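Peer 1: Have a look at the structure that comes next, please.
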Amino acid sequence: MSTFSRRKSRGKVEENNLKKDLLNDDEISSNDYNNYQILVPSLSSSINNRTSSNILYLQNQYAIFTRSISQCNIGELIRQPEYVDKNEWIAHNIVTFFNHINALYEVLSDFCTKSTCSTMTGPQNSLYYWIDERGKKLKCSAPQYIDSAMTFMQKILSNDMIFPTRLDRNFPATFDMLVRKMVRLLFHCMAHIYAIHYRQLIEFELHPHLNSLFLHFISFIIKSDIIPSDYSISNTNTNTNSLTISNQIEIRELRAELESLSLLYELLAKQWQHAYAQANAQKRKMTNNQ
């Protein structure tokens with residue numbers, strides 16, 4: 001759906017620089033694990049172990065990935081390529097996440113209706129409200145919310161003044177704020193799928209795709225510092241580059257929402273490290289047999 005299939009790379013860096021192959025080392029040392037380990041968000045979780053054992057997406061047997069992610073170095077995948085502008089790097093990834101999440105939801109659209117999902121519900125019975133242009137909170141069904149979210153994001157992504165496709169145009173001053181808003185909407189969509197439609201994804205054998213997408217998505221948010229670590233509401237810095245009070249509140253709310261799936265991220269990060277180690281062990285075995 002996105003117009004960014006024709007987007008030009010400012011640094012002329014090919015996609016292979018974003019997705020490097022497996023490590024060439026014959027052995028993965030402890031230092032290697034430290035270098036490529038995913039940083040897990042410093043978010044607590046109110047879910048206890050007894051409750052989490054009953055949640056389908058937190059069961060180890062379903063914490064699996066696509067082959068491409070299992071064999072991919074996540075640390076390299078989310079690394080900003082050299083000579084590529086940070087906003088360009090973020091824009092490229094946001095477009096990718098939008099397209100993949102939109103495609104996954106389309107598979108489930110027949111199961112996500114006004115009758116089955118009368119509210120936009122997430123993990124732990126959390127409720128997501130749509131915020132209209134006047135800032136008013138609106139309670140709506142999940143399909144209404146997601147359709148509004150996708151339409152809103154498509155409009156932004158297609159706006160050449162916000163996501164420029166020409167090299168002579170700069171990203172606007174509001175780019176960071178709009179990216180955070182899109183990240184929040186994309187997270188809500190994935191959170192709803194995990195909370196309500198994960199069993200259906202398992203039936204379609206598409207849960208590895210959602211897990212891979214979620215792991216990549218959260219890891220990228222952390223790496224790119226889309227959610228700044230210094231977001232204290234008590235910050236009195238009057239520098240024009242500092243976050244406004246409203247932005248700080250928005251960031252705090254987003255971090256609180258991310259907390260609802262922090263256990264899932266920790267589980268997926270752990271499972272990926274195991275899968276990646278296995279992939280490298282298999283690679284070494286094949287190399288030694290040649």
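Including glycine, each Cβ sits where the backbone N, Cα and C put it.
TrEMBL does not curate its annotations; it predicts them automatically.
Straight out of TrEMBL:
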- C112, C117, H192, H197: Zn(2+) binding site (BINDING)
- 251-289: coiled coil (COILED)
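Mind running through what each feature is packed against?
Peer 2: Non-local contacts of H197 (Zn(2+) binding site) by the CB criterion (under 8 A, 6+ apart in sequence, same chain) comprise L108, F111, C112.
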Peer 1: Do any residues at least six apart in sequence from C117 (Zn(2+) binding site), in the same chain, have a Cβ closer than 8 Å to its Cβ, and if so which, in order?
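Peer 2: The list for C117 (Zn(2+) binding site) reads S141, A142, P143, H192, I196, given in order along the sequence.
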Peer 1: Which number gives the other C-beta atoms within 10 angstroms of the C-beta of H192 (Zn(2+) binding site), all protein chains shown included?
Peer 2: 24
